[in-house]
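Right, one structure below, let's go through it.
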Amino acid sequence: MSTLVEPTRAAFTKKVRPLPTWLPAAIFVAALLVAYALLTAVGSSGGGGRVLLAAVLADVIFCVAVFAVSAPREGSRRAKDRVVTAVVYSCFALAVLPLVSLLASTIHRGAAKLTLDFLTHSMRGVGPRDDLGGANHAIIGTVEQVGLAGLIAIPLGLLVAIYLVEYGRGALARGVTFFVDVMTGIPSIVAGLFIFTLFIVILGFGYSGFLGSLALSILMVPTVVRSSEEMLKLVPNELREASLALGVPRWKTILSIVLPTAVAGLVTGVMLAIARVIGETAPLVLTTFFTNSINTNPFNGAQMSLPLYIYTLATQPGKFYNPRAWAAALTLVLIVLLLNLVARTIAWWRAPKAR
Amino acid sequence: MGDRVFSGLAVGAGVLLLAVMAAIAVFLLVEAVPGIRADSKNWLVEKTWFPDSTPSVWGISALAFGTVVSSLIALVIAVPVALGIALFISHYAPRRLAVLLGVLVDLLAAVPSVVYGLWGLNWFSPHILPFAHWLNDRFGWIPLFSGTVSGAQTMFTAGVVLAIMILPIIAAVSREVFLQVPRSLEEAALALGATRWEVIRTSVLPFGRPGIISAVMLGLGRALGETIAIALVLSTSFTLNWHVLEPGGNTIAANIPLNFAEAQGNGRSALIASGLVLFVITLAVNMAARIIIARRKEFVS
């Protein structure tokens with residue numbers, strides 16, 4: 001706190017004339033033009049890198065110019081404040097930039113190949129020079145694997161959340177809370193490695209979609225617990241007390257009062273958990289392995305999935321492989337976006353009722 | 001009766017979760033031991049990966065080096081930007097815009113890592129190459145940026161892609177912390193005539209420092225464990241190279257899927273051993289971050 005500037009008498013008496021609001025905007029436009037001109041003059045090479053470089057350069061020019069204009073009139077403290085504001089705004093732009101670029105290139109490159117044919121055909125028997133085949137086998141695998149992972153992780157996560165909110169006391173509850181948080185940080189490859197060592201190396205199972213589901217559920221449980229815990233905590237205690245006072249046993253109170261009250265929030269959390277694991281690739285490399293054919297049985301034999309499909313195709317040199325990878329990426333991103341959208345809509349629809 | 005069954009189920013689920021954590025450590029350790037025994041003298045320092053040859057020669061030093069370097073690059077880039085975003089959402093943007101932008105940052109986190117990898121390999125690498133050349137030309141006198149640029153599948157590119165991937169978690173956690181700063185602290189600073197930046201420098205940042213530290217550690221944990229994006233973006237090699245603009249290098253996580261298909265016996269065991277090391281490191285980082293956050297919570301309430 002001691003670094004706070006002491007207000008002097010001068011600070012109170014000096015009249016500050018703030019810059020007109022249009023001036024920073026004008027300086028910004030000017031900075032953009034100058035940066036562009038400078039880059040053209042230097043003759044730097046083209047592409048998206050150049051746009052980025054121009055933006056960064058414009059930002060620097062803007063900061064310097066604003067400080068130079070503002071400092072003599074408003075004092076260096078206000079000038080500094082303006083510069084920091086500019087830096088904070090550009091940080092945000094810097095984060096949105098990759099997102100926009102990522103979405104744009106995925107849509108641009110994926111849309112061409114994303115046809116009904118692509119969605120309904122597998123890669124079985126497709127040669128390296130054929131522009132045929134699709135991701136049907138991968139879509140089936142993803143749906144089955146994530147579905148099974150959900151069947152394991154959602155009840156388990158919900159039970160853990162119920163334990164933490166309704167029963168949890170003492171050291172065990174603290175331990176579980178702590179390790180749920182730590183579990184969110186487990187690298188997905190380690191989860192895959194664990195399932196691999198236990199089931200394939202030690203117990204001698206073969207690769208299968210189900211083992212992939214087990215690995216995914218390890219990654220899913222902490223997310224489900226965290227979000228459900230928050231939702232269950234929001235249920236007002238009066239509801240529980242009223243039910244218990246009527247002689248309803250605890251477990252029935254939880255099942256018929258607490259859970260239905262929180263159901264929208266629970267669904268939201270589950271959706272986000274699914275969206276999170278649906279793109280996990282690393283654990284599947286070790287547990288489901290690769291195949292080009294449709295395998296509808298998740299309990300037996302190698303099974304493909306969308307992330308694995310993208311991963312394998314991304315590194316293949318043939319000219320037909322890359323468009324397929326992008327089309328699969330677009331499919332995956334669309335699914336994730338859809339799940340997020342539904343989750344947020346539920347959360348938003350629920351919000352007014354909570355008040 | 002029903003009560004006992006139900007509470008038993010709930011407690012059982014909690015215990016199961018702890019058991020899974022323990023099982024991960026135990027089973028990885030059990031399977032890692034044969035590999036470590038095969039090359040017990042060198043497995044920490046060796047820079048090659050021939051665990052299946054006789055004698056088995058492999059070591060994780062090059063992998064650990066790559067993991068640390070790529071994560072450090074990611075942190076150096078991501079931390080200031082993420083803090084900027086967190087400040088923007090918590091203190092600068094208008095309310096409605098802040099909500100929208102919060103959603104956008106969450107979307108950054110929701111995009112699957114394999115899509116980042118594909119994007120990093122096919123779009124980002126070619127576009128960052130001119131920038132890498134420029135860094136090399138202008139700042140080649142700094143050892144870090146020296147060497148010959150001959151492609152963009154480098155530690156530097158991997159680090160930048162990692163930075164984009166860990167931005168959301170650092171931004172989200174520090175935003176939460178910034179929103180927790182007591183209004184009275186900020187208003188006191190404002191009442192003294194402080195500008196917005198002075199309010200942030202004198203009350204928001206000092207108050208949020210433990211939260212920022214734990215946010216950075218969570219980001220670090222994620223960067224250390226990222227697998228597929230690195231496996232796609234980096235052209236891997238077993239080298240210990242400080243020149244981040246030169247192709248090559250590898251990370252513990254990325255090495256596992258890349259070498260997995262061909263690995264047998266000792267090879268698998270060696271991969272599992274490297275995974276165990278990664279698990280221990282990320283566990284330590286995440287636990288430290290969580291302990292800092294937990295301590296903070298007690299302080300706030």
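Even glycines carry a Cβ here, placed using N, Cα and C.
Note: TrEMBL annotation is automatic and uncurated.
Positions annotated as domain 'ABC transmembrane type-1' by TrEMBL: A:139-343.
Annotation source TrEMBL lists transmembrane segment at A:21-39 (among others).
If you look up TrEMBL, you'll see A:51-71 (among others) marked as transmembrane segment. Same-chain neighbours of the transmembrane segment (A:51-71): 19, 23-24, 27-28, 30-32, 34-36, 38-39, 44, 78-80, 82-83, 86-87, 90, 93, 97, counting only residues six or more beyond its ends whose CB sits under 8 Å from a CB of the stretch.
Per TrEMBL, transmembrane segment is recorded for A:83-104 (among others).
The transmembrane segment annotation in TrEMBL covers A:146-165 (among others).
What TrEMBL records for A:177-201 (among others) is transmembrane segment. Panel annotation: around the transmembrane segment (A:177-201), residues 160, 164, 168, 207, 211, 214-216, 218-219, 221-223, 225-226, 280-287 of the same chain, lying at least six beyond its termini, place a Cβ under 8 Å from a Cβ of the stretch.
Tertiary neighbourhood of the transmembrane segment (A:254-278): same-chain residues 142, 146, 149-150, 153-154, 157-158, 162, 166, 216, 219-220, 223-224, 226-228, 230-232, 234-235, 239-240, 243, 248, 306-307, 332, 335-336, 339-340, 342-344, 346-347, 349-350, selected by CB-CB distance under 8 Å and a gap of 6+ residues from either end. The feature transmembrane segment is assigned by TrEMBL to A:254-278 (among others).
Annotation source TrEMBL lists transmembrane segment at A:325-349 (among others).
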